[in-house]
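Read the structure below first, then the notes.
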Amino acid sequence: VVCLVAYHIFFMLFVWSYWKTIFTLPMNPSKEFHLSYSDKESLEREPRGESQQEVLRRAAKDLPIYTRTMSGAIRYCDRCHLVKPDRCHHCSVCDKCILKMDHHCPWVNNCVGFSNYKFFLLFLAYSLLYCLFIAATDLQYFIKFWTNGLPDTQAKFHIMFLFFAAAMFSVSLSSLFGYHCWLVSKNKSTLEVFRAPIFRHRTDKNGFSLGFSKNLRQVFGDEKKYWLLPVFSSLGDGCSFPTCLVNQDPEQASTPGGLNSTSKNENHLFPAKPLRDSQSHLLTDTPSWSETAAKAEKGKVGKELPYAAMICVV
């Protein structure tokens, strides 16, 4: 009875999270990031180069954007006609810009991004638990199979196949789940591991990391009762993210109200452009920022694990 109850709990959570990962639509940038009709006309009239960048800079002046292209230009999507928010990328499979895009996963036939990244993590976790549970409960019969302790029926083949399938999936899922746990702890996406975000002052592969606790809360939310359930509880709107920038962008406006007391620390200047309300409270805990800065100074970099999922980015 205990095994049956545990099996169905793991199975239900696995199916629930898998369903949410597949059928949760990826979030796209809000309308404020789309160019107005006049800006589109200006962009089309201007020749490529600095003149176009001047149009994009005017359009992005009041947007919470900190990242740039490799050449230092505003990130702009020619296909969607919008200024890309931080951590947003265009998926060539979905043919749209995806907020905080991690990768396009062929196993779920969907883009994994801000809207369903928590569901994807839970899907990996519960599928791993499901496979481990099956392998553990089938182990005794698998041993009997090799010691000729089972009746000579067709069930012998089923037992062998079930154990091998569960064990092999457990190995692959454990490495993939461990890799994404490391990504969450560092507040990185798969794309940011292969191509670090570029800020105006420099390239910073840990630019969005606020410390383990806050990084975890960004994905799973503040209420722990929702952490293990496939219910959306991630913080923010996917368009703006707190950063741990040490050098403030000289072209940005002065720091908005509510962050002035914290930004007095000369070594830990906060980004100047306004964040969404759901993200701003992550900046109020000073010790975590100090801890993050100390780790950044030490230059500790986690070993970047290979990731075999198909990544389709323009």
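Just so it is clear, glycine is given a Cβ too, placed from its N, Cα and C backbone atoms.
Taken from TrEMBL, the feature compositional bias 'Polar residues' applies to 252-264.
If you look up TrEMBL, you'll see 74-193 marked as domain 'Palmitoyltransferase DHHC'.
According to TrEMBL, the feature region 'Disordered' maps to 252-272.
The transmembrane segment annotation in TrEMBL covers 6-25 (among others).
Per TrEMBL, transmembrane segment is recorded for 119-137 (among others). With a cut-off of 8 Å between Cβ atoms, the residues of this chain six or more beyond the transmembrane segment (119-137) that come close are 3, 6-7, 10-11, 13-14, 17-18, 20-21, 24, 102, 105, 108, 112, 162-163, 166-167, 169-170, 173-174, 176-177, 180-181, 184, 219, 228-230, 232.
Look at TrEMBL and you will find 157-179 (among others) tagged as transmembrane segment. Sequence-remote contacts of a segment are chain residues at least 6 beyond its ends whose Cβ falls under 8 Å from one of its Cβ atoms, and for the transmembrane segment (157-179) they are 121, 124-125, 127-128, 131-132, 134-135, 138-139, 141-142, 145, 150, 305, 307.
Residues 108-110, 112, 115-116, 119-120, 122-123, 125-127, 129-130, 133-134, 137, 228, 230, 232 of the same chain, all 6+ positions outside the transmembrane segment (6-25), place their C-beta atoms under 8 angstroms from a C-beta of that stretch.
Note: the domain 'Palmitoyltransferase DHHC' (74-193) comprises 66 helix, 16 strand, 38 coil (DSSP; helix = H, G, I, strand = E, B).
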